[in-house]
Amino acid sequence: MHVDRFSEVIFLVFQVVEKNVDPETTLLTYLRRKLGLCGTKLGCGEGGCGACTVMISRFDNLQKKIINYSANACLFPICALHHVAVTTVEGIGNTKTRLHPVQERIAKSHGSQCGFCTPGIVMSMYTLLRNQPEPKMEEIEDAFQGENCLYDLISTSLFNPSAFQPLDPTQEPIFPPELLTHNNKPQKQLCFKGERVMWFQPSTLKELVALKAQYPDAKLVVGNTEVGKRKHFVPVWGFVNIIFAMGQISAVSEFSGICFGASCSLSHLEEVLRKAVAQLPSYKTEVFRAVIEQLRWFAGPQIRNVAQQTCFLSFLLLRIHICILILLDEPIDHGNNTKASFVLLIISSNKANICFLFFSKGEYFSAFKQASRREDDIAIVNCGLRVLFPEGSDCVQEIKLSYGGMAPTTVMARKTCQELIGRKWKEDLLQEACHMLASEMNLSPSAPGGMVDFRRTLVLSFFFKFYLTVLQKLNIELNGNVSPSIIHSAGLKECSREVPPGQSIEDTVGRPLMHLSAAKQASGEAVYCDDIPRYENELYLTLVTSTKAHAKILSVDTTEAQNVPGFFCFISEKDVPGSNITGIANDETIFVTCVGHIIGGVLADTQEHSRRAARAVKITYEDLTPIVTIEEAIEKQSFFKWVRKIEKGNIQKGFEEADHIVEGEMYLGGQEHFYLETHCTIAVPKKEDGEMELFVSTQNLTKTQVSQFLGVDLIFAIGGCLRCMLDRDEDMLISGGRHPFLGFYKVGFKKNGRITCLDVSFYSNGGNSADLSFGVMDRAVFHMDNSYNIPNIRGIGRVCKTNLSSNTAFRGFGGPQGMMVAECWMSDVALKCGLPAEEVRKLNLYHEGDLTHFNQKLEGFTLRRCWEECIKNSDYHARRKFIDEFNRQNRWKKRGMAIIPTKFGISFTAGALVHVYTDGAVLLTHGGTEMGQGLNTKMIQVASRTLGIPTSKIYISETSTNTVPNASPTAASVSADINGMAVLNACQTIIKRLEPIRSANPKGSWEDWVLAAYQSCVSLSATGFYRIPDLDYDPEKNEGKAFAYFSYGVSCSEVEIDCLTGDHKNLRTDIVMDVGTSLNPAIDIGQIEGGFVQGVGLFTLEELRYSPEGNLYTRGPGMYKIPSFGDIPTEFHVSLLRDCPNSKAIYSSKAVGEPPLFLSASVFYAIKDAIIAARQESGLKEPFRLDSPATPERIRNACVDVFTKMCPSAKPGTFKPWSVRV
């Protein structure tokens, strides 16, 4: 096909006519770079986080109406925007004019923390309201399915609903009339050409077939949800973009069913199927209901709104003959370029239809899927199962069993199906079918994707579920019997405290003041690092990283990279004039080979050119043997020299006094930080004196010494600004996360569960450098007791040196790992004694005045109060009885409940700077980094109370080393404590200077006093500094004060597990937390909820998967699952302990960032409690091992039953696993 001219694309954000469209440009890139609309964020680049959500509007010629739908801008091609309108978060409201009611509500109800994903959440809700002004709760939950965030998940109830402006649908922007004028014009083929790629948009199927004949290797793109994820474009061929009408929905003469256009979106498919289910007899819509149920768990609405049905349905449904692909009208000679499908294809000139067949009586269908997370689009195993019986009979006439995830493509269990024909749907059929499936659906123990035992077991579990479902329907059909169902209620609430009586209305300490940045975050006006506009002559840096875990670099060839347009230069260690040593412990060398370590960097004129050039750099290695796992490090004695040991009491005597001794081990996987904003740095050289300004997304400014190793001279030699923002996969590969831990324990105890002795050894995977691994292990050993008084105790911690990216500080800093192992042996003790776990835990809790194992006296010990209040709030004992009864009545669904305490030590220095101006305005700067935790809000509240002025007079500037040098990292939960005291110190200095002036004019105003001070030459600027006093712990003597104080909390969680699939639901959580006298209860509750949900990810979802060679598989949300909205407990109750002031921190408050995270262990141990109930059904009553996270794989494999026994594990050492735990 000859192309005479290239098309222009017309769409509306502002009035846009773009003539030079590059097909590789996404809507997100266009919005941010070309239009400067940076409210839409880049979080993952693969449609998995929702931070880039926008609303797309277009006129649908088939439905004759304007349709609005949410979409991921990071995947949406700019070429596909022809004749549509795009609405971004900036287009619905802002702080300068008026916030939209959606923006206002999420801000004022404390639903935004770091705020990076808030615009995406806002746009998801906005789109829903445009389509459904009064949505049901189920529709709201579904709208948020495509949003993943660790913090902006939950809003508190500490607000006044009457203050909200009402939603008025009549005031929303109308669809641009100029776009409507194009709908009456005939469609024509479009063509766009970029540097490497051509994009065609045919207007008829005949044009499509002709294009495929000319470009046989071209990709067919509809929603771009799969091609868009693949960032490595192949320049040989172009894209062929199919944008047909959705297709006529009608019956077809050859058979009874519903037909859809081939490019019909999944959302529209679901809408039509729901209408059919409501109108037609239930037996006819058997498959419709199954498809609707599966769509519920297929990605989020942003994906379903653009993804076409064939990507979701074709393989499973075509295989089992319930869906037929038909292309109607006149046949076309398509040569040899169109491959045959599972059914006969008739290629036509106008329409491409996929048709769903109506079922007949006696025909049943079920679809099942198990993924790492319920709201996920990638199944571990899925299946479509269909059976047909003659009317009035239970004898199998026809059966089709199709499975995905058991081979490279979907497979049919043909042998099993053949053997089952003619058999009655009875118990013996089930047994034989399972044995045959276990044999036919086998997997190599080295199969890609791993989880081999789990996948094999799921095949049997799914068939068993299908068997029971069909059996129940047959009973109804043949006998009229029906089984009852159980329905559960849902709720969400938080409890707070009132401020003291008589507190001034202007004193905001203790009040739920809205997060200072919330409104700007909700409107997309908050500026993040990569939102800073491009500088003139700016260059982009892309890092070149090692693909080997342990190797020597033989050569680096940049020849191919230099041929990429816009290439500037390649830099390596040879180009570094500064120091080549960095790291917390100064033991990291830049540009050396290790897992994902930096070898060099490519500078180019744009981000795209820089990335292309970086991929073109060729590196030759000499492979060396890597050490990847903790077990390998132990075997090869690969440790850092540092060892931490704490011992108290007489270990030998403690074991001699014990009635029972239990030994065991537990592995805790690592965790990716998965901040939505990836690492970003902008270096701006100044014109004079060799000065350079760095904009860095960091929480540790003091240690951000970029110029130390990159070299200021190098950047000046380049002659322009540099920008580097890591892609999600780069960020996950290069930066370390939470340390994986392996704990070995031996615990002695009495018959009543009283612990007499504990001996525990910890091993952490530190990676290839020390970083903060010693401090992390320190805290793990300090917290190995959790909250329990153990008279004889010994703990030893060692850090393993491996060929992985160095692991580092993470929320909890080793505390969760130490406490998790403690709760593991505590669970074993309760099981061994045959006692309720809550009784054993309570029996061993500390009391006021007890000494810890590091000999620090517990003062202000409120944990037992938290415990009793949590027992009461959760109605623990009544619910325990209900759970026991539920478990007696249900074989394959089990519930569990656990109540878990935490005791978290707080220890750190800080600085602050306060300027007061002559008009009374106050500028406040401190050394902490605001990253969503509400630190700036709290600091303004502290300054407001200390100075006695309204918060409206106080402004806060961004953290910078030119105002507060040598600041401590914003870490360890103490930022409000130490920065608050520094702010207090600075403000008190100002107040002391103003005292003579206030005494001379006691009736004057704040402005009067400030102006008088200025006229009297009194300094109105002051610095503040604070360090936590009396921290003098001596590890050699095991004495002194290790922590300033402790934060306490208790959590009770209830879960329900599916014993057949390993799936679980978080039904309810009750938390009681001691935060002292809260500075801001709304922010503190948000921190508790956010920390808890992040912990839910740590202990139940987030699993890092590495190859045996040390390559990280989990480099994005496609494989690495953080919590989504559906993982929040259905009922979530958070209350702050009353009347517990803390004399050792600012205004009697307590740290709240890290302590709540471990409370999510209550979900893990509730899961373990449910597994115990399942194992008892199989006669297993002894302690068992359950490692963290409690993924569906681990839960299912622990629920030992007849199906797991049919799928025995391969003997370790006889095969090479696809992945290893590190």
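Placement of Cβ uses the backbone N, Cα and C atoms for every residue, glycine included.
Feature list (source: TrEMBL):
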type     : residues                                                                       : note
ACT_SITE : Glu1154                                                                        : active site, proton acceptor
BINDING  : Cys44, Cys49, Cys52, Cys74                                                     : [2Fe-2S] cluster 1 binding site
BINDING  : Cys114, Cys117, Cys149                                                         : [2Fe-2S] cluster 2 binding site
BINDING  : Leu220, Val221, Val222, Gly223, Asn224, Thr225, Glu226, Val227, Phe298, Lys369 : FAD binding site
BINDING  : Gln699, Arg811, Ala972                                                         : Mo-molybdopterin binding site
BINDING  : Arg779, Phe813, Thr909                                                         : substrate binding site
DOMAIN   : 7-92                                                                           : domain '2Fe-2S ferredoxin-type'
DOMAIN   : 192-307                                                                        : domain 'FAD-binding PCMH-type'
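What TrEMBL annotates, mapped onto the structure for a quick look.
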{"residue": "Cys49", "record": "[2Fe-2S] cluster 1 binding site", "Cβ neighbours (10 Å)": "29"}
{"residue": "Cys52", "record": "[2Fe-2S] cluster 1 binding site", "Cβ neighbours (10 Å)": "29"}
{"residue": "Cys74", "record": "[2Fe-2S] cluster 1 binding site", "Cβ neighbours (10 Å)": "26"}
{"residue": "Cys114", "record": "[2Fe-2S] cluster 2 binding site", "Cβ neighbours (10 Å)": "23"}
{"residue": "Cys117", "record": "[2Fe-2S] cluster 2 binding site", "Cβ neighbours (10 Å)": "27"}
{"residue": "Cys149", "record": "[2Fe-2S] cluster 2 binding site", "Cβ neighbours (10 Å)": "29"}
{"residue": "Leu220", "record": "FAD binding site", "Cβ neighbours (10 Å)": "16"}
{"residue": "Asn224", "record": "FAD binding site", "Cβ neighbours (10 Å)": "22"}
{"residue": "Arg779", "record": "substrate binding site", "Cβ neighbours (10 Å)": "25"}
{"residue": "Glu1154", "record": "active site, proton acceptor", "Cβ neighbours (10 Å)": "24"}
Quiz prompt | Secondary structure content, the domain '2Fe-2S ferredoxin-type' (7-92) (per DSSP, counts of residues) | solution = 15 helix, 30 strand, 41 coil
Quiz item: For the binding-site residues listed here (Cys44, Val222), which one has the lowest count of neighbouring CB atoms within 10 Å of its own CB?
Solution: Val222
Quiz item: Taking Cα-Cα distance, which of the recorded positions Cys52, Cys149, Glu1154 are within 10 Å of Phe813 (substrate binding site)?
Solution: Glu1154
Quiz item: How big is the gap, in Å, between the Cα of Glu226 (FAD binding site) and that of Cys117 ([2Fe-2S] cluster 2 binding site), rounded to a whole number?
Solution: 22
Quiz item: Roughly how many angstrom lie between the C-alpha atoms of Cys44 ([2Fe-2S] cluster 1 binding site) and Gln699 (Mo-molybdopterin binding site)?
Solution: 21
Quiz prompt | Overall pLDDT for the domain 'FAD-binding PCMH-type' (192-307), taken as the rounded mean | solution = 73
Exercise. Work out how many Å separate Cys52 ([2Fe-2S] cluster 1 binding site) and Arg811 (Mo-molybdopterin binding site) at their Cα atoms, rounded off.
Key: 26
Quiz item: What is the Cβ neighbour count of Phe298 (FAD binding site) at a 10 Å cut-off, with all protein chains included?
Solution: 23
Quiz item: Which of Glu226, Phe813 (the binding-site residues) has the most other Cβ atoms within 10 Å?
Solution: Phe813
Practice problem: Determine, for the [2Fe-2S] cluster 1 site, the additional residues of the same chain whose CB lies within 8 Å of the mean position of the CB atoms of Cys44, Cys49, Cys52, Cys74; present them in sequence order. | Solution: Leu28, Lys41, Leu42, Gly43, Gly45, Glu46, Gly47, Gly48, Gly50, Ala51, Asn72, Ala73, Gly120
Exercise. Out of Asn224, Arg779, Arg811, point to the one nearest Cys117 ([2Fe-2S] cluster 2 binding site) in space (Cα versus Cα); all of them are binding-site residues in the record.
Key: Arg811
Quiz item: Quick one, of the binding-site residues Gln699, Arg811, which Cβ has the fewest other Cβ within 10 Å?
Solution: Gln699
Quiz item: From the Cα of Cys149 ([2Fe-2S] cluster 2 binding site) across to the Cα of Cys49 ([2Fe-2S] cluster 1 binding site), what is the distance in angstrom?
Solution: 7
Practice problem: From the binding-site residues Cys74, Cys114, Asn224, Phe298, Arg779, pick the residue whose C-alpha lies nearest to the C-alpha of Gln699 (Mo-molybdopterin binding site). | Solution: Cys114
Practice problem: Determine, using Cα-Cα distances only, which of these recorded positions is closest to Phe298 (FAD binding site): Cys114, Arg779, Arg811, Glu1154. | Solution: Cys114
Self-check item: Of the binding-site residues listed as Cys114, Leu220, Val222, Asn224, Arg811, the one whose CA lies nearest the CA of Cys74 ([2Fe-2S] cluster 1 binding site)
Solution: Asn224
Quiz item: At the level of the C-alpha atoms, what whole-angstrom distance separates Asn224 (FAD binding site) and Cys114 ([2Fe-2S] cluster 2 binding site)?
Solution: 29
Self-check item: Pairwise CA distance, Val222 (FAD binding site) versus Arg779 (substrate binding site), rounded so that it is a whole Å
Solution: 52
